[in-house]
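Notes follow once the structure below has been shown.
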């Protein structure tokens, strides 16, 4: 395999070998080619119901928004990289308010049939897991029994000889009231339902507060009569029933989890609704992943619920995450943040995304990932991404636990390094962006001219994400196969490109950053091209069964 410059790469493999692919780049610096398909240097793919849009800015440079090309490559009269194609996903993003409106639509649909308050219908639907057919069947057979069972029938619970019927479901003040819960006799506010079971307001509040966390129907403390949302708010003195609404919404989404998925990102309450799920089996069969984007611009896989994980499919991703969760949190932190200088053994803590390290003590330059000298990394390939089998291991049982552990530790370290580096790059990029923005305002640079930094940062982040998950693919792949070796070569090329772009973020002077704007665009374009190539090569590994997780 030969190598060249960023804009002049050529890799060719025997077309008769069914395990190989051809991958080459055009000498035209404005485009690159995979399997005969020509792509512009910077491809922008955005997804609105999975429709791809290519956007070009005023300088003729494509802008990067949120995704890499994830579609099959084809070529006339040539072997297809991986047979088959998948239909576009049609989805919409909703808030909890939008979900609740859909729940109320179901209630309104049943209102003419049931002829009971909407709040009661909502309770019935939740009790039957939103199975309308089952609810209608039971309602037809034993309507009265069902209402009594769920505490929705007041007539069955009313105490005939009580004095509270004219004031039920209201907070009242009473003198010398004795509460049978706390056994206190005092002047206090009280509350009771039609059943006449009356208690002091403090006891009722404690009771409701405990029940709200359970998310179930709240009934009277002495019978099955149910409290409605307005009752809860009256007793608590503020809108507390919203917690029950949250529980109802969660129940609705859980029941319809084939079509509705919560965004898995922390503190995000967005929900994605996939209108048609019939295409999901085809995505799985062809080793594509149905990636979607929520209202907060978080991209995740609708199928497995993890972050965007190309080139790994959902099965590889799930297996990798399950294995990674067994690791010690302390070990993860040590691997992520600290290492000894290979030359003088001084402890070094990483505070940036770039993997080119310079020891402050002895000035030794080394690679954070492989701990080797940095000089060789500037040429040819990023060799530290290649797992090397020791010769001694060849004579051992391939199932040897020690060998497997070493292999996993190697790839897990790489996975973890790029995950941490992505976060550090992003934080550093945001800081630089603030400085560049201030410079724009000070010297009058247009908004468009300053977009190169955020665009490059998005490309870098996506490149690191794809590179990160490529190590999971490499771990589960047959290392002896020719296509796996090609995949590793593509990893090296992307790793080189990512590190080269990341180094530009180390520039601290805004004026220098602006002068090097063309370099940001060129390197970002190369990162994106290499990212796309690695994704497609990884998918072929999966399609051909060269990469597969153990059952």
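Placement of Cβ uses the backbone N, Cα and C atoms for every residue, glycine included.
Annotated by Swiss-Prot as zinc finger, the relevant range among 132-178, 179-225, 414-460 is 179-225.
Broken down with DSSP, the zinc finger (341-370) shows 0 helix, 9 strand, 21 coil. For the region 'TRIAD supradomain' (175-388), the model's pLDDT averages out at 82. Counting other Cβ atoms within 10 Å of each Cβ, the binding-site residues 301, 304 show the lowest value at 304. The separation of residue 341 (Zn(2+) 3 binding site) from residue 370 (Zn(2+) 4 binding site), Cα to Cα, is 12 Å. Annotation for residue 309 (Zn(2+) 2 binding site): same-chain Cβ neighbours under 8 Å, separated by at least 6 residues, are 289, 301, 317, 469, 472.
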